[in-house]
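A short worksheet on the structure shown next.
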């Protein structure tokens, strides 16, 4: 009896332990509701990092398969294999390293994949095909990892990865479809979306202004260096450096030459690769103690596609010569010309977006040590000397030679502005015979002789060297009239394509025509009547034989004009206005223009330096030309601009834009002067 009691107690203890363990195990599982979730291994990443999204199911009863639709922004993220980094393509199964749906040898597995990575869509599914055998096993897979997907960070900013509904998955629950082993759709579960992802710069990313010395004396030269560190994907930068011009003089640290309005920072390491067409510019205000410098790549796409970011190195250098003993500072400072800048710095990435989230490191104050006093030498007493008897001067006979004339200073000549031509061919300036050519001085200065001096009998005078000042030579001055405009919202839209009608207006205005220009020429197109806004321009350029219609009698005014077509019009303009002749093309410069109908025009304009191709050796003749490209081409061909010293006209064309000066040349009526370097400098904006 005693033995039976012991067995009974032992059995009860075992039963209690089993119940306790079971309740603990089931308790842990049942505490998690039925769900599918996507979790990111990090919610803060740097450009180039791979974020791993883990998709898992929990407590999905009798789970046998799924179909998912995942949406992300392809400008910020690239879907990749998390193990190899290989990009995911249209038919690539994105989810790898799962722990469920692995028994293909027993139940057969079916997969379906239809990704659209250009749109940022991953649509894929997987499931057991032999559901009968799977169901008979009595061992459903309820919890585990469906798979892991990698996302490579491309661009700074905040973005999301999420399950999202799509028309191709009717009945889906937030972009998810789950199936059980009876081939039924499961509906009772939650969908857990991942948190927002922030793609940022590294924590130590910064722009710094460093001085090679801060304790100096008068006459010393301080070298200030603008540096970048870990500025990932940087494609352009503008800096505004402020100093006291009464204490410091901005100079080239190597040559000592003073900075001028347009002097660039020297010795740049970053943003200077010619393969991506670097654009460097400066708008300094030396009198106010401001160095404003910008550099950027024009070919952002090629730079971005290289995958190699210039993030750490020297932006440029400037020297400061110490003029007087006074403590001072040199620093990066805000300016109204760079709105939204960070402590006087504005950085853009290779998508053309502003980069934020970096630090700006300023230099220490400059201490100027007073010049040491130079000891005064004690003069020694001069011993008395015996006075020599003075010699009786010999009278100098009168000279008969007439002295050379001493010219007075040559007066500066004020150039006279020529009248505005009424001929339609002259309004553009820069054309032969047009309004805006060189203006000759009105008169030649005549030297005025001095009177003939009377010779002195007592002493022969020492000849005095008279410095003859060089006459001030006026630069070439003239007028250029605008040939294109912006939009009413104060935008220029430099990246926008232009239509054939818009191009017709540009060339008509370039040649001085307007809506009131009368020409004796009849032309008609089936799709351009007199009420069309550009009919006057289309008629004019057709009269000039710059444009022709199509065989069906249409002009197609709303069709975008290509790079090849625009180049052809420019070539015809040079033929008619400047007498350009066709020359035999010995060798094709571009890989994609050989045999093209516009090869002659493209190659010859390129040889003249008016147009360029792309870094890959192509011209892309059939691509639509952009507004910024068109104005630059016209200016080069017609010998106009770029216009220096122009104010910002459009909100979307800052002074750092590669075509800023060319756009200003094209949209402003202005008087100009060519400086001694041949640069066109703005004198005055003329009202329309």
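Note: Cβ is positioned from N, Cα and C throughout, glycine not excepted.
Annotation source Swiss-Prot lists signal peptide at 1-27. For 36-201, the entry in Swiss-Prot reads domain 'Cohesin 1'. Summarising the annotation, Swiss-Prot assigns domain 'Cohesin 2' to 207-370. Among the features that Swiss-Prot reports, region 'Disordered' is placed at 372-477. Under the heading compositional bias 'Low complexity', Swiss-Prot lists 375-422. Taken from Swiss-Prot, the feature compositional bias 'Gly residues' covers 424-438. Annotated domain 'SLH 1' per Swiss-Prot: 453-520, in sequence order, evidence recorded as sequence analysis. Here Swiss-Prot flags 521-584 as domain 'SLH 2'. Residues or ranges marked as domain 'SLH 3' by Swiss-Prot on the basis of sequence analysis: 585-648. Annotation comment: Swiss-Prot describes 649-669 as domain 'SLH 4'.
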Quiz item: Same chain, outside the domain 'SLH 4' (649-669) by at least 6, Cβ under 8 Å from its Cβ: which residues?
Solution: 236, 238, 277, 279, 281, 283, 294, 296, 298, 337-338, 346, 479-486, 490-494, 628-629, 631-632, 634-635, 640-643, 680, 682, 685-688
Practice problem: Tally the residues of the domain 'SLH 4' (649-669) by DSSP class, grouping H, G and I as helix, E and B as strand, and everything else as coil. | Solution: 8 helix, 0 strand, 13 coil
Quiz item: What does DSSP give as the helix, strand and coil breakdown of the domain 'SLH 3' (585-648)?
Solution: 21 helix, 4 strand, 39 coil
Practice problem: For the domain 'SLH 2' (521-584), jot down how many residues DSSP puts in helix, in strand and in coil. | Solution: 25 helix, 4 strand, 35 coil
